[in-house]
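Here is what Swiss-Prot says about this protein:
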| type | residues | note |
| --- | --- | --- |
| BINDING | Tyr22, Gly23, Ser24, Gln25, Arg45, Ser48, Ser50, Asp80, Gln81, His82, Gln83, Gly131 | NADP(+) binding site |
| ACT_SITE | His105 | active site |
| DOMAIN | 180-325 | domain 'KARI C-terminal knotted' |
| BINDING | Asp188, Glu224, Glu228 | Mg(2+) 2 binding site |
| REGION | 323-348 | region 'Disordered' |
| COMPBIAS | 339-348 | compositional bias 'Low complexity' |
Amino acid sequence: MDVHYDADPALIHDKQVAVIGYGSQGHAHALNLHDSGVDVAVGLRPGSSSRPKAEQQGLTVMDIGEAAAWGDVVMLLIPDQHQKDVYEAKIAEHMTPGTALGFGHGFNIHYDRIEPPEAVDVFMVAPKSPGHLVRRTYTDGSGVPCLAAVDQDPSGGAMALAISYADAIGGTHAGVIETTFKDETETDLFGEQAVLCGGSQALIQAGFETLVDAGYPEELAYFECLHELKLIVDLYYEGGLEYMNHSVSDTAEYGGYTRGPRVIDDAVREQMQEILEEVQSGEFADEWIEEYEQGAPQLQEERAALTEHPIEQVGQTLRGMMPWLNGDETSADEDAPDAADTAPASSS
């Protein structure tokens, strides 16, 4: 894969950039672009709670349609499930030859929910971190790795523009990796479902329930199966699998090697393959959009059930004993009817 550490800053500086949305990724992109000297405006719906925040931070704020008409580059950074409706109602009519449409995640392009005119460049810049870290590393003089992809390139310069955009938000300090909309979308969704959100949550709950059902205190089960997971994930994050195993006790390392494969066995791998196939075929995308269009009843049901799970009850009590957990820096995308953040941020 090609990795870029340099860009032509003039490409994005010669454009007017409309960032649609001011949530986790939107605020970071807009502020970083602004501080890099790019002519940027934020497009928000009327009544958005993000309007005063963006204005207080020195940004120009417009209605979404106004911003789309003003921008040479329109960067769509609202949740996946809202993008199609917003694009068709407010943005599509302004996508004229010579303009460019950007995304922070490939969902709506890859699954053909948004189909821009052929004369419009379509690109993606996807930082591989939450928005608050995109912003913090930029202000520290560095950046986070970004993925860049192109779906349409009538100008012949869409990838160069994407890399220039990534440079303006700090991405070239860490590296901008060329990919495709297909690969970014499918790996992102699979990772969320099988490992990061779905798989890890199911594993945590199963471990907690196994200990509690065997008669162990809920508090100990919480510490061993949820709280201490951060210690291990931080080691993965810092140095990979080998570094984690080098950092734990020999007892823990041996137990992990010999028992871990019994948890993630061939049956689990078969389920992972099935999940991947559902992502690749578009089955999951269709299922999720249908769920959303029906008012998300299953999502609401799952949220309510999780709130009542014993691991949440005991966790709330134990976290109250940990005052250092109060400084949460994360922010969800707010410029939408709900606050879901599906622009990994993948999430994700």
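Positions of Cβ are set from backbone N, Cα and C atoms, glycine also.
Structure with Swiss-Prot features highlighted.
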residue : record                : Cβ neighbours (10 Å)
Tyr22   : NADP(+) binding site  : 31
Ser24   : NADP(+) binding site  : 28
Arg45   : NADP(+) binding site  : 19
Ser50   : NADP(+) binding site  : 20
Gln81   : NADP(+) binding site  : 21
Gln83   : NADP(+) binding site  : 25
His105  : active site           : 28
Asp188  : Mg(2+) 2 binding site : 25
Glu224  : Mg(2+) 2 binding site : 14
Glu228  : Mg(2+) 2 binding site : 11
How far is it from Ser24 (NADP(+) binding site) to His105 (active site), counting Cα to Cα, in Å?
13
How do the residues of the domain 'KARI C-terminal knotted' (180-325) split into helix, strand and coil according to DSSP?
127 helix, 0 strand, 19 coil
In whole Å, how far is Glu224 (Mg(2+) 2 binding site) from Ser50 (NADP(+) binding site) when you measure between their Cα atoms?
39
Quick one: of the recorded positions His105, Asp188, Glu224, Glu228, which has its CA closest to the CA of Gln83 (NADP(+) binding site)?
His105
Pull out the recorded positions from the set Tyr22, Arg45, Gln81, His105 whose C-alpha sits within 10 Å of the C-alpha of Asp188 (Mg(2+) 2 binding site).
His105
Where does Tyr22 (NADP(+) binding site) sit in DSSP terms: helix, strand, or coil?
coil
Where the record names Tyr22, Gly23, Ser24, Gln25, Arg45, Ser48, Ser50, Asp80, Gln81, His82, Gln83, Gly131 as binding NADP(+), the maximum Cα to Cα distance in Å:
20
Hey, does DSSP put His105 (active site) in a helix, a strand, or just coil?
coil
Secondary structure at Gln81 (NADP(+) binding site) (DSSP, helix/strand/coil)?
helix
Using Cα positions only, nearest of the recorded positions to Arg45 (NADP(+) binding site) (His105, Glu224, Glu228):
His105
Under DSSP, is Arg45 (NADP(+) binding site) helix, strand or coil?
coil
If one measures from the C-alpha of Glu224 (Mg(2+) 2 binding site) to the C-alpha of Tyr22 (NADP(+) binding site), what distance in angstrom results, rounded to a whole number?
37
Taking DSSP three-state, what's Ser50 (NADP(+) binding site) in: helix, strand or coil?
helix
